[in-house]
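I have placed the structure first, in the form of structure tokens, so that the comments after it can refer back to it.
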Amino acid sequence: MTRSSVARIFSSLRRGANWRSGARFPAIALFWIEDEACGGWRGFSTAGLARAKEEKEAWWKDTLDKVRNIGISAHIDSGKTTLTERILFYTGRIHEIHEVRGRDGVGAKMDSMDLEREKGITIQSAATYCTWKDYQVNIIDTPGHVDFTIEVERALRVLDGAILVLCSVGGVQSQSITVDRQMRRYEVPRVAFINKLDRMGADPWKVLSQARSKLRHHAAAVQVPIGLEEEFQGLVDLVEMKAYYFHGSNGEDIVASDVPSNLEALVFEKRRELIEVVSEVDDQLADSFLNDEPISSDDLKMAIRRATVSRKFVPVYMGSAFKNKGVQPLLDGVISFLPCPTEVENHALDQDQSEEKVLLSGSPAGPLVALAFKLEEGRFGQLTYLRIYEGIIRKGDFIININTGKKIKVPRLVRLHANEMEDIQEAHAGQIVAVFGIDCASGDTFTDGSVRYTMTSMNVPEPVMSLAVSPISKDSGAQFSKALNRFQKEDPTFRVGLDPESGQTIISGMGELHLDIYVERIRREYKVDAQTGKPRVNFRETITQRADFDYLHKKQTGGQGQYGRVCGYIEPLPSDATMKFEFENMIIGQAIPSNFIPAIEKGFKEACNSGSLIGHPIENIRIVLTDGASHAVDSSELAFKLASIYALRQCYAAAKPVILEPVMKVELKFPTEFQGTVTGDVNKRKGIIVGNDQEGDDTVIVAHVPLNNMFGYSTSLRSMTQGKGEFTMEYLEHSTVSQDVQTQLTNTYKASKGTTD
């Protein structure tokens, strides 16, 4: 009997027994196959099948053990992209190094957008992969600027580990705190890398102390630098107790030697500190440490790994990416201490079981579960970045978008290297890949159809600034709309809307730079010149006290009229409320038929889109419906919806409404000689100074300043500090404006209404 005839018998047996694909064979089943070599029949049990399954599992387990998914995050200008460039060079992914702001005009590999190369900043997170000592490392290089915080947010959502880059001169800065908070939110284990040890004023021990105090890291150094600033030569590894020097034109030749005698005392002190700090969170190491047993480098390495993977410890590496020192040991640290995909717990929500939490195995053997975490418009249509949490995806497979229910075929599967792509036939759990030609939104979950799981979505901050924008040429309207639709789909923090009064297109985002970049991209990528209006701050309105309403909407115009009466009250929500709008129906009986209640809620929601003070949305409001009246013939959904809108307008003034404005947390760094001028300017802008530190010759001020007073600040700061000052700002909260500002804003709004009426 040939092999094909055996396959046919198996096939018919399966069909006859009505076996599902993937069903387990019974444990005691026995099969007989003709063995031509022995001239007879030979039996085999399912033990062989079990063994084959174990071997297959061992294959993928070994494969996944050698995968690392990491992100590189930091404050702006800490050297993230430079570090990624060096990692790609040492792993053989690129063959020459280009600087972020290099004179050769090429720019770093990961900054593939022209705008990124011109401005010397990262705007979009870029994915790549490389191989280091037989390990596959998937890397996402993220922006440092707070305006592009969504890029960091969605990268950390899908990564298993991260490198937090800190500047040895700047230390822990405002954006370092923000990205560390994002890492905590998504429970990402991390290693820290103190960069720029070659710079004047470098002090890694000061930065380590700040990481412990400001970031609350349970951290210790795993390296000691040999020299600092201009004399920075190499590093001592505290685990292996070896000194490493980096030679060659690009630091590619690593020379190991004994610890320099002048550093022995410091090295032994720092190694003991490392063991003590890890012992506090690792019981196995603590036993050896307390019993004064000798601790081998392997014991210490395993303890650091356990503590890092469980997010109880942060190992701190050091070096200078720009000077090609310390990058290879950092790569070793990524492999030694950061988790592989199977060591991280990922949960999905089962839509068939009321969104019950399900722990994913992280193996290719399970059903396919993949999350679309980033969209990009490529040359060949929409490019969707996928993180595969379980199962295998193959080119040509049919997958189901659980959020929309659509069944989609995978036309093309690629691995990414910045803006270059490599076609692949399949990808399994633990990998980050991209697919073309799939229409979906950021945050959608895909499965093979055997399960209905969705992954938890990422945190999307609210936009704080708006800008009126319109194409200069009437003919380019179609391209203009196409650009806005694409950017809105790609970036959840970029919103597009219409001004109800002027009919202008309003774009909203995270800050001036964020919106400027998109206006520039519309010009470059779609050849549409757009004109912009004055930036507008996203004010909000809210109420401060309870007010009752009783409104009857009655209209008779021949035929069926309109009749709807609503009674109740509005009140402010508590400051810690998670919802910004609450509606409660407390009518007892059938004063208003229940089928009209949704229309009433819809009416109140619509009325909250535009408050009467300055026309901005009303939030933190609770509306309670207590009574009403209806008419057997004239009542309709429209009548009750209109009654709700007019009821809110009627009682709004009695609820003492106030205007809320976005307040930004601003961190300023400038030479101390300009302290008086800069502080005076912050006070003039109605800022409240909440922190004042001295860092060498520089002063660092942290202040809370209304966003409305921060327009054009970068120019003012430059002129006040002879170009030496720098600042970063991020959204803090919406808070009540002062009475004089409220009067001014209200009068301006009324005047503009008067001119448009």
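Keep in mind that glycine also has a Cβ here, set from the backbone N, Cα and C atoms.
Note that TrEMBL annotation is computational and uncurated.
Quick caveat, the model's predicted, so the values are computed rather than measured.
As written in TrEMBL, here are the features:
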type    : residues                : note
BINDING : 74-81, 141-145, 195-198 : GTP binding site
DOMAIN  : 65-342                  : domain 'Tr-type G'
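Counted within 10 Å of its Cβ, the other Cβ atoms near K80 (GTP binding site) come to 29, all protein chains included. Annotation: A74 carries the greatest number of neighbouring Cβ atoms among the binding-site residues A74, L197 [cut-off 10 Å, Cβ to Cβ]. For T142 (GTP binding site), the Cβ neighbour count at a 10 Å cut-off comes to 28, with all displayed protein chains included.
All protein chains considered, the CB of D77 (GTP binding site) has 20 other CB atoms within 10 Å.
The average pLDDT for the domain 'Tr-type G' (65-342) in the predicted structure is 84.
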